[in-house]
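**Student:** The structure that follows is given in the form of structure tokens.
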Amino acid sequence: MEKLNIAGGDSLNGTVHISGAKNSAVALIPATILANSEVTIEGLPEISDIETLRDLLKEIGGNVHFENGEMVVDPTSMISMPLPNGKVKKLRASYYLMGAMLGRFKQAVIGLPGGCHLGPRPIDQHIKGFEALGAEVTNEQGAIYLRAERLRGARIYLDVVSVGATINIMLAAVLAEGKTIIENAAKEPEIIDVATLLTSMGAKIKGAGTNVIRIDGVKELHGCKHTIIPDRIEAGTFMIAGAAMGKEVIIDNVIPTHLESLTAKLREMGYHIETSDDQLLIVGGQKNLKPVDVKTLVYPGFPTDLQQPMTALLTRAKGTSVVTDTIYSARFKHIDELRRMGANMKVEGRSAIITGPVELQGAKVKASDLRAGACLVVAGLMADGVTEITGLEHIDRGYSSLEKKLEGLGATIWRERMTDEEIEQLQNS
């Protein structure tokens, strides 16, 4: 096991290149199951979730080659092998295998998702969609069993706006007979990205990115080449790090419109940000930052995935800021870790209340989930002294070459193997 050390206080300066979107990649890769010939996806992030998906596609008979961010999948010899246990449990987005395998094979057995523990992440909307298309769905011993004689298009209204359910229903519906309409669909950029891939494969999809998506089922889908969109959450994390510690940081390979909610909040605090077609410039180091209230919402609102890094930055603001997470109420495990570093904050219901300004101090902290890890990295950059972060398996699930990118901007950051004594202490904590 390893820990991440950060010697805080270094100014960040320069350009950072953003990787492909994790939240797109975990849906694009299962979508390749639906094709009848080779699919190439370019620009994938080199993170553990992608390697897990590669292994799962191989497990069901796919021929998969992945290097330098490019994955080539030949799905022709895939079979509808049950995946109730093993690697599938490591992956929160393993549920996309349900929609893709149901779409192609009319059956699937998928172990219930793993990944970050952020309170209940029910998949009832996914199941509602599959049932509407004609599937029989049962939950047996922690795995979802899906079976269908045939899939027929349906009108599906999502009770909750859900990115996962919207994509999963799209995956299952593209090869169904007739027309499917998804109402109250999520509008995230990642949904448009998946729809773009499916359309390149021959699917007929209209309305991706709006709240009504229309799909006309087709008989088969063919291979294609697709380039993934940039990761708006990684870009947002570096914007926050640049705001916290930057002189001038340029975020390269980004779609600025995907980050308007964060850009607006940083400007409200007093930061100077410039945008171009595929870059953002953020000027850090401002004094007398204003406190702001942040409320997470579905896209185009403030992303829940940036709520945690934002709480670290708000320790710099003079006054009281309130961060409310309307998406995942349990996403405040990072608050106790920030308090170990000297932050003045508390949790009330779905909100974190942050009072500043406070000079954070280096400490030993633990990442409980992916974005909590990002928050602690930002806090470590800001802190006086050395911060030791454990729980790196969470960070490695979602950030590609994080230390290398931060080092390139001037941070002092390194990994170390943990001693047996440290591992024992961690396991007992």
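Heads up, residue numbers simply count up from 1 along the chain you see.
Cβ coordinates come from backbone N, Cα and C, glycine included.
Below are the features I grabbed from Swiss-Prot:
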type     : residues                                                      : note
BINDING  : Lys22, Asn23                                                  : phosphoenolpyruvate binding site
BINDING  : Arg92, Arg121, Pro122, Ile123, Asp124, Gln125, Asp305, Ile327 : UDP-N-acetyl-alpha-D-glucosamine binding site
ACT_SITE : Cys116                                                        : active site, proton donor
MOD_RES  : Cys116                                                        : 2-(S-cysteinyl)pyruvic acid O-phosphothioketal
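Walk me through where these features lie, including what they touch and how far apart they are.
**Tutor:** Look at Lys22 (phosphoenolpyruvate binding site): DSSP puts it in a helix. Around the Cβ of Lys22 (phosphoenolpyruvate binding site), 24 further Cβ atoms fall within 10 Å across all displayed protein chains.
Under DSSP, Ile327 (UDP-N-acetyl-alpha-D-glucosamine binding site) is assigned to coil, being neither helix nor strand in the three-state scheme. Its own atom aside, the Cβ of Ile327 (UDP-N-acetyl-alpha-D-glucosamine binding site) has 19 Cβ atoms within 10 angstroms in the protein chains shown.
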**Student:** Within 10 angstroms of the C-beta of Asp305 (UDP-N-acetyl-alpha-D-glucosamine binding site), what count of other C-beta atoms is obtained when all protein chains are considered?
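**Tutor:** There are 23 of them.
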**Student:** What is the total of other Cβ atoms whose distance to the Cβ of Asn23 (phosphoenolpyruvate binding site) is within 10 Å?
**Tutor:** 24
**Student:** Just to verify a number: CA distance, Ile327 (UDP-N-acetyl-alpha-D-glucosamine binding site) to Lys22 (phosphoenolpyruvate binding site), in angstrom, no decimals.
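**Tutor:** Roughly 19 Å, rounded to the nearest whole number.
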